[in-house]
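The structure under discussion appears below in the form of structure tokens.
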């Protein structure tokens, strides 16, 4: 099983990153993709991935929250980081009109620029979309023929949005959000509609600790070692064998990010 979304650069992991990786391995997690969310974090993610060769890889990009920082110098930094063998995707990039820490115009500029970089380098993109689906799809679609793959990280949309993402050929990342009996029921109902070869799984650690995890960790911090729990729940709701689903989503991740 492969965790395609871990924020291992988070300060919440500052004191025990080594132990977090060890616990993930002991839990049966076969690989981790470390998320880069701005130039500085992407560089740190790259260094962490290099510290765990053939187990950790990373993305390089600018999250929509940080889109106001976008400039030519950052674009050049992403180009340079993308040359590293452990950097396997451009992102996390996209649109977030829920909180608008950067203006919609700034977000669209940074998103389009990163899609252009990914197309130029023929790299997959690691995508973020929240409360912005129509604009997200309209900006993304013209680039899809030039991209080897596109992953919607932490998908939490509705049936219409899922259908549009699938029709566009996107991979769908599912987190422990689906384990939330308050907010995750709509997403849970959509799980059977995602083809197995388009499904990816992720913890988004240290965020989105599964609410149905027992016993709950005292820290309330999510970790990649909880990925097996998420997979078991997804498999149950899809009517599939958990071991098979873990293997299938692992193969999907390695195909999409060209790790095989």
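Each Cβ is built from the backbone N, Cα and C atoms, and glycine gets one as well.
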Co-listed divalent metal cation-binding residue [Swiss-Prot; alongside 92, 153] among 79, 128, 133, 160: 128
Per DSSP, three-state class assigned to residue 128 (divalent metal cation binding site): strand
Other residues, Cβ within 8 Å of 92, 128, 153 Cβ centroid (divalent metal cation site): 5, 35, 63, 91, 93, 94, 126, 127, 129, 152, 154
Fewest other C-beta atoms within 10 angstroms, as judged across 128, 153, which are the binding-site residues: 128
